[in-house]
Amino acid sequence: PVAMAAGFGAGLGLALASSAFIGGSFVLKKKGLLRLCGRGRARAGQGGHAYLREWLWWAGLLCMGVGEAANFAAYAFAPATLVTPLGALSVLVSAVLSSIFLNEQLNVHGKIGCILSVLGSTVMVIHAPQEEEVSSLESMAEKLKDPGFIVFAVCVLVSSLLLIFVAGPRYGQSNVLVYVLVCSAIGSLSVSCVKGLGIALKELFSGKPVLKEPLAWVLLVCLVICISIQINYLNKALDIFNTSVVTPIYYVLFTTAVMMCSAILFKEWQHMVLDNVIGSISGFLTIVSGIFLLHAFRDMPFTPNLLPLFLQPGRADPHLPWSSADRHQSCQHQPLLPSEDKGSQSAEEEEEE
């Protein structure tokens, strides 16, 4: 129990640090891309790679690398369904920093969305399913041969190729889902690679000849390819669309894909009791609701006119006479024509007759 608690604490701390670094990396890379746009360089969304000469972009990439390294270590210590939901905190960090450094609006709806995301993450952590034990590369290899996971991986690869070569040229500039779906689908496979490499590192530190195992090298190569694809298409999405749009949508899709992949590969949901299932689903839906508030109403200004009438400043004044507030009445409670106008109208009709 003490070792399990230590592993849980280490995984939790690493996941929190990962969210902070990754959330900051979005803002740094967006800042670098905006500087390039101001200089008239070819934009990443149009196929340009001038961002490779921008130090802010490299700083963002470094932060993302540190965050991903912390995330890598967190997956080695804790279940994927504990680490992945905490990625919502990167959305919060990105939203707050974007409002400070990129002048992107974070209104009251976004703040409520941030609170809901934190609450949903907490609920998911409490009810997180315990994954099936994977203690060696041999057991990992057996799980990778599972027909369910093979079908899932083939579907991910085929759909990603269709998005890249068919949907990308047509809808990539106008629909944010195209490039973000590519990052999310490939990211679900990268988590599986990270989990396998974490097991390999544990065996390496325990003295086992892991470097002679071909599976470890295959997982490493697959991880490098997946991360390269994610970086490329995430840059395209960030360059074309607002950060407050890309980040929450990427989180929701990425978390969903990782939960599906972990459930198929590690059988995390197989031995869960009903209350934990309901708690995990409710927590995730709470996070999605918070992300929706953070995204959907980001450009809506919150003014006193949006409050109910009894909460508006004019109504709150106890000395304000009721007659002066008649202008706030709804048209549904007013006659179509005033009484005097009705009388004059009937008199005019009698004269015409």
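Including glycine, each Cβ sits where the backbone N, Cα and C put it.
What TrEMBL lists as transmembrane segment is 55-75 (among others). The list of residues near the transmembrane segment (55-75) in space but at least 6 beyond its ends in sequence, with Cβ under 8 angstroms from a Cβ of it, reads 10-12, 14-15, 17-22, 24-33, 35-36, 83, 90, 191, 194-195, 197-198, 227, 231.
Packing against the transmembrane segment (82-102) from elsewhere in the chain are residues 8, 11-12, 15-16, 18-20, 22-24, 26-27, 30-31, 34, 67, 71, 74-75, 110, 114, 117-118, 120-121, 124-125, 128, 191, 243-244, 247-248, 251, 254-255, 258-259, 262, 283-284, 287, 290-291, 294: each is 6 or more residues past its ends and has a CB under 8 Å from a CB in it. According to TrEMBL, the feature transmembrane segment maps to 82-102 (among others).
Under the heading transmembrane segment, TrEMBL lists 108-128 (among others).
Here the transmembrane segment (149-170) has long-range neighbours at 143, 178-179, 181-182, 185-186, 188-189, 229, 233, 257, 260-261, 264-265, meaning same-chain residues at least 6 beyond its ends whose C-beta is under 8 angstroms from one of its own. Here TrEMBL flags 149-170 (among others) as transmembrane segment.
The transmembrane segment feature in TrEMBL is assigned to 176-194 (among others).
Feature annotation from TrEMBL assigns transmembrane segment to 215-233 (among others).
Long-range contacts of the transmembrane segment (245-265) within its own chain (CB-CB distance under 8 A, at least 6 residues past either end) are made by residues 23, 26, 79-81, 84-85, 87-88, 90-91, 94-95, 131, 143-144, 146, 148-149, 152, 156, 176-177, 180-181, 183-185, 187-189, 191-192, 234, 237-238, 284, 287-288, 291-292, 294-295, 298. The annotation transmembrane segment is assigned in TrEMBL to 245-265 (among others).
TrEMBL lists 277-297 (among others) with the feature transmembrane segment.
Sequence annotations record features per position, and here TrEMBL assigns region 'Disordered' to 322-353.
The list of residues near the transmembrane segment (277-297) in space but at least 6 beyond its ends in sequence, with Cβ under 8 angstroms from a Cβ of it, reads 81, 85, 88, 91, 95, 107, 109-110, 112-129, 244-245, 248-249, 251-252, 255, 259, 269. Using a Cβ-Cβ cut-off under 8 Å and counting only residues 6 or more beyond its ends in the same chain, the transmembrane segment (176-194) has close neighbours at 71-72, 75-76, 80, 84, 144, 153, 156, 159-160, 163-164, 167-168, 219-220, 222-223, 226-227, 229-230, 233-234, 236-237, 240-241, 245-246, 249-250, 253-254, 256-258, 260-262, 265.
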